[in-house]
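A.B. asks: Here's a structure for you.
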Amino acid sequence: MMSLAHSKFSCQRTRLLAVVLLAALWSSSLQQAAARVINDDCPNLIGNRDLYKKVEWICDDCANIYRSTGMASLCRKDCFFNEDFLWCVRATERSEDLAQLKQWVTILGAGRI
């Protein structure tokens with residue numbers, strides 16, 4: 001016969017296991033969702049996060065300069081392969097870096113459909 005203390009411990013252990021499993025499943029689904037978003041925008045972001053941050057900085061600066069709602073999103077659209085990004089390069093006075101930025105955008109967007 002099981003003692004009352006052993007029964008309570010077993011119940012607590014089962015609840016703890018259920019919470020841990022749910023947390024693991026939730027975390028896994030969040031990571032998969034984040035990976036899909038990243039892969040949809042910039043297929044080669046994984047392994048090139050430093051390039052992404054350098055290019056993204058242009059969009060952040062542009063949004064800060066003009067305080068325009070959605071400017072950063074427009075700039076990042078299609079993994080920075082758009083006219084808004086080029087406009088932001090000029091607006092942030094980074095035209096001298098345009099060739100390097102275009103190369104980074106090409107690396108980040110390689111494999112993009």
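Placed from the backbone N, Cα and C atoms, the Cβ positions cover glycine too.
Residues or ranges marked as disulfide bond in Swiss-Prot (evidence: similarity to another entry): Cys42-Cys79, Cys59-Cys75, Cys62-Cys88. The signal peptide annotation in Swiss-Prot covers 1-35 and rests on sequence analysis.
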A.B. asks: For Cys62 (disulfide bond), which of the disulfide-bonded residues Cys42, Cys75, Cys79 has the nearest Cα in space?
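C.D. replies: For Cys62 (disulfide bond), the spatially nearest of the disulfide-bonded residues is Cys75.
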A.B. asks: Can you tell which of the disulfide-bonded residues Cys42, Cys79, Cys88 lies nearest to Cys59 (disulfide bond) in space, using Cα positions?
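C.D. replies: Checked the disulfide-bonded residues Cys42, Cys79, Cys88; minimum Cα distance to Cys59 (disulfide bond) goes to Cys88.
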A.B. asks: Helix, strand or coil: which one is Cys88 (disulfide bond) in, per DSSP?
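C.D. replies: DSSP call for Cys88 (disulfide bond): helix.
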A.B. asks: Could you tell me which three-state DSSP class Cys42 (disulfide bond) falls into?
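C.D. replies: SS state of Cys42 (disulfide bond) = coil.
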A.B. asks: So if I measure Cβ to Cβ from Cys88 (disulfide bond) and keep only same-chain residues at least 6 apart in sequence, which ones fall under 8 Å?
C.D. replies: Ile58, Cys59, Asp61, Cys62, Met71, Cys75
A.B. asks: DSSP on Cys59 (disulfide bond), three-state: which is it?
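C.D. replies: SS state of Cys59 (disulfide bond) = helix.
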A.B. asks: How many other Cβ atoms are found within 10 Å of the Cβ atom of Cys42 (disulfide bond), counting all protein chains shown?
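C.D. replies: The answer is 27 other Cβ atoms.
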